[in-house]
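K.L.:
Quick paste of what Swiss-Prot says about this protein:
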- 75-81, Arg104, 146-152, Gln244, Asp264: ATP binding site (BINDING)
- Gly77, Leu78, Ser79: substrate binding site (BINDING)
- 7-19: compositional bias 'Gly residues' (COMPBIAS)
- Ala2: N-acetylalanine (MOD_RES)
- 1-42: region 'Disordered' (REGION)
Amino acid sequence: MAADGTGVVGGGAVGGGLPKDGLQDAKCPEPIPNRRRASSLSRDAQRRAYQWCREYLGGAWRRARPEELSVCPVSGGLSNLLFRCSLPNHVPSVGGEPREVLLRLYGAILQGVDSLVLESVMFAILAERSLGPQLYGVFPEGRLEQYLPSRPLKTQELRDPVLSGAIATRMARFHGMEMPFTKEPRWLFGTMERYLKQIQDLPSTSLPQMNLVEMYSLKDEMNSLRKLLDDTPSPVVFCHNDIQEGNILLLSEPDSDDNLMLVDFEYSSYNYRGFDIGNHFCEWVYDYTYEEWPFYKARPTDYPTREQQLHFIRHYLAEVQKGEILSEEEQKKREEELLLEISRYSLASHFFWGLWSTLQASMSTIEFGYLEYAQSRFQFYFQQKGQLTSSPSS
């Protein structure tokens with residue numbers, strides 16, 4: 001996700017001081033399976049990509065000519081634009097510089113410059129701890145990251161018991177990290193309030209967005225959600241806040257037992273544990289590889305069953321509770337409490353991404369049915385809210 005202000009979007013010029021000799025269309029390698037819409041890079045942006053690689057990576061990147069650099073889309077996100085930049089084989093390495101990197105260009109800006117600075121700091125810390133890709137360069141329009149031989153998980157793989165358990169363990173470790181950021185859990189409602197205000201401040205031409213606000217009484221509903229969550233105990237931990245299949249890489253390391261890596265930390269913050277787990281469960285429903293409008297497929301019946309949730313929860317708690325000895329009764333009590341916590345915070349996930357997508361519809365140039373997606377999330381919100389209020393345990 002990108003933040004408030006001006007950002008680089010698909011096809012937009014980003015300027016640069018390179019000579020205006022034409023970049024040739026370097027042949028891209030076989031495309032990596034796209035989770036979302038891939039984006040092309042304009043000629044001006046290609047020149048700028050060359051300049052960033054040359055300046056921040058040095059070595060062989062300074063020797064390659066602009067037309068020799070391969071810049072290929074890898075997987076279009078709903079927030080950022082991602083490209084794989086590669087050196088040609090005939091240009092030898094000089095030292096330890098990478099031969100290929102991931103270029104991330106911030107898309108429609110929703111957060112603010114301060115958030116981008118914090119994200120870059122966070123990214124660097126996680127890289128130093130070997131919990132994320134290496135960071136090679138940061139600039140106002142984006143950054144250069146380590147390109148990892150890997151693939152993102154597919155939506156259907158989230159329900160695989162082995163992978164689900166591994167994701168739970170990875171999430172628990174992430175939650176256990178100490179990070180140099182505010183520990184006050186203001187991110188969730190602070191961000192949703194900002195999104196709602198930005199939607200309400202849209203020009204009168206943005207009628208569909210305003211209709212959504214009125215149709216679902218979003219301001220009143222947010223207050224109702226806040227009251228519900230105020231009455232729902234949930235530990236404040238360092239959360240990823242967007243653990244969906246596209247942000248979980250399966251590394252190409254067959255000999256490694258720990259071959260999952262979380263990426264894309266732009267939403268990460270101290271937040272309520274229930275949101276991170278509930279949000280992940282919501283993502284079981286949405287497949288973003290659908291090739292026709294609106295470029296996603298929602299399958300509400302794929303939301304994890306009670307048993308699938310318990311499978312995840314038990315792996316999560318096993319990591320969190322290492323060294324603790326609990327009675328069977330106490331263990332069951334923790335599991336039931338966490339089930340309720342997650343069911344309530346999953347509502348916040350739908351509400352958050354519904355607002356986010358409503359706002360993106362007015363800003364993003366990425367080909368995606370943002371308004372349709374927003375409506376789907378709000379509909380699922382009310383459906384799950386109804387199930388929650390009718391449940392005896394709620």
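Note that Cβ sites are derived from N, Cα and C of the backbone, with glycine treated the same way.
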K.L.:
Please determine which of the binding-site residues listed here (Ser79, Ser150, Gln244) has the lowest count of neighbouring CB atoms within 10 Å.
P.N.:
Ser150
K.L.:
Could you find out if DSSP has Leu81 (ATP binding site) as helix, strand or coil?
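P.N.:
In the DSSP reduction, Leu81 (ATP binding site) maps to strand.
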K.L.:
Out of Leu78, Leu81, give me whichever of these binding-site residues has the highest number of other Cβ atoms within 10 Å.
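P.N.:
Buried the deepest by this measure is Leu81.
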K.L.:
Per DSSP, to which secondary structure element type does Ser150 (ATP binding site) belong, with helix, strand and coil as the options?
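P.N.:
DSSP call for Ser150 (ATP binding site): strand.
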K.L.:
My understanding is the cutoff is Cβ-Cβ under 8 Å with a sequence separation of 6 or more in the same chain; which residues meet that for Tyr147 (ATP binding site)?
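P.N.:
Spatial neighbours, sequence-distant, of Tyr147 (ATP binding site): Arg84, Pro98, Glu100, Val101, Leu102, Pro133.
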